[in-house]
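K.L.:
Have a look at the structure that comes next, please.
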Amino acid sequence: MRIHFLLFALLFLFLMPVPGNGGIINMLQKSYCKIRKGRCALLGCLPKEEQIGSCSVSGRKCCRKKK
């Protein structure tokens, strides 16, 4: 039973974001953006695009063409 607590603690530490680097969180957000037919923009969306989310903790935006 104690091994469950140890595994849970290790999983929790693995998923915690490191300051300055989102790691797995950034990867998940980027994948979610691609699934929604978007692209990750560094500064902002183009005039014919709308923001549908974010791609990283650092502020990259997920954009796609307006419908």
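The backbone N, Cα and C atoms fix where each Cβ goes, glycine too.
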K.L.:
Just choose from Cys55, Cys63 the cysteine that Swiss-Prot connects to Cys40 via a disulfide.
P.N.:
Cys55
K.L.:
Relative to the Cβ position of Cys55 (disulfide bond), how many further Cβ atoms are located within 10 Å?
P.N.:
24
K.L.:
Quick one: give me the count of other CB atoms within 10 A of the CB of Cys33 (disulfide bond).
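P.N.:
Its Cβ has 23 other Cβ atoms within 10 Å.
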